[in-house]
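Below you'll find the structure, written out as structure tokens, and then a few comments.
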Amino acid sequence: MSKIVKVIGREIIDSRGNPTVEAEVHLEGGFVGMAAAPSGASTGSREALELRDGDKSRFLGKGVLKALEAVNGPIAQALLGKDAKDQATVDQIMIDLDGTENKSKFGANAILAVSLANAKAAAAAKGMPLYAHIAELNGTPGVYSMPLPMMNIINGGEHADNNVDIQEFMIQPVGAKTLKEAVRMGAEVFHNLAKVLKSKGYNTAVGDEGGFAPNLKSNAEALEVIAEAVAAAGYKLGTDITLAMDCAASEFYDAEKKEYNLKGEGRVFTSNGFSDFLADLTTKFPIVSIEDGLDESDWDGFAYQTAELGKKIQIVGDDLFVTNTKILKRGIDNGIANSILIKFNQIGSLTETLAAIKMAKDAGYTAVISHRSGETEDATIADLAVGTAAGQIKTGSMSRSDRVAKYNQLIRIEEALGAKAPFRGLKEVKNQA
């Protein structure tokens, strides 16, 4: 009943109005799985390749017809008759057929969409929710947890058209007892932040991930207005709500000069100087997690940053590790960072994603499941977070349906699992247990 009988790909639209790949996998017995590939804006140079057509007369060159040719042609042919429940084999067939290191022949967007659709079809054939199937694929059947959200309520960098250099300023509702309560707390802070920004004459338009995108006097002011919003919502900063940042520092790094240029506030830093700047912020605000605090190639700088902050807070590698076990192993071996951001499409298949999560956990690193800035209504990452008991999730702010879809799926899963999926809050964050 779990043999693949048909694979279909189509071009749909993501949250930025760009095309992306959606795939359907059909099994014997009428079971169907459907999934869509997300797309990043600030991307690591070592990510698996997202295949775009380059035809400027169509979607400004961002069409995905070439990727769809792979889905509807060689991938579909190769997977006919295969057992969808054997996810590792399905993924390996596509990887081998592509034959490149970075999936550049078919595109990671093509392979990933089919990989996730296959998992959904297999879950349907087994008569179980996707998170339960993922837990079985992960070798941890029945082991679940609800993730602590990192909610990106001020957007900057590549995610917004403003003067804020640091890409994401996030809140974590650590005082919540359940995921549903955490979502409520986040929503209340989000609405109070709108009031705080309006009172200061700031814009309340939102960026790619649903957070506000005002022009501010400095990056530190973003933390200050969030602190005001937390208080206005009736919560205590550092107890009920903690803070996290994604610097996406590769986006403001000058490789020739080896400098970090915060143009929005007219400040330039050396590598160690920028780490010291971040360390100073952690003394002024309850920041418990910093992601991509340096350029992806600045491994010496990351060694310094990890030595300075790695015993105190969570140091997350996103562009640094790109969900790639080879690169993550180098980081583990050299004591670089202490956490990895997990993005399906950086590596391009569910099997490889699960391998990265396992490697991180085995080494004592945390794994933070993440969306991309270009998303769809597909909420698979919610099931991934619960099914791997990863403990943390980044899926944007409290606006835009492409973000809220993931929170709503988490609420449904928590309702279904109850006490079987504990919400551990701050204990999930490295160095905060």
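Note that Cβ sites are derived from N, Cα and C of the backbone, with glycine treated the same way.
Swiss-Prot lists Gln167, Lys343, Arg372, Ser373, Lys394 with the feature (2R)-2-phosphoglycerate binding site. DSSP assigns Gln167 ((2R)-2-phosphoglycerate binding site) to coil in the three-state reduction, placing it in neither a helix nor a strand.
The active site, proton donor feature in Swiss-Prot is assigned to Glu209; the stated evidence is sequence analysis. Secondary structure from DSSP puts Glu209 (active site, proton donor) in coil.
Marked as Mg(2+) binding site by Swiss-Prot on the basis of sequence analysis: Asp246, Glu291, Asp318. Reduced to three states, the DSSP call for Asp246 (Mg(2+) binding site) is strand. Within the same chain, residues at least 6 positions away in sequence whose Cβ sits under 8 Å from that of Asp246 (Mg(2+) binding site) are Asn152, Ile166, Gln167, Glu168, Met170, Ile290, Glu291, Asp292, Val316, Asp318, Lys394.
If you look up Swiss-Prot, you'll see Lys343 marked as active site, proton acceptor. Neighbours of Lys343 ((2R)-2-phosphoglycerate binding site), defined as other CB atoms within 10 A of its CB across all chains, total 26.
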Name the secondary structure element type, per DSSP in three states, that contains Lys394 ((2R)-2-phosphoglycerate binding site).
strand
Relative to the Cβ position of Glu209 (active site, proton donor), how many further Cβ atoms are located within 10 Å?
31
If I take the Cα of Glu209 (active site, proton donor) as reference, which of the binding-site residues Lys343, Arg372, Ser373 has the closest Cα?
Ser373
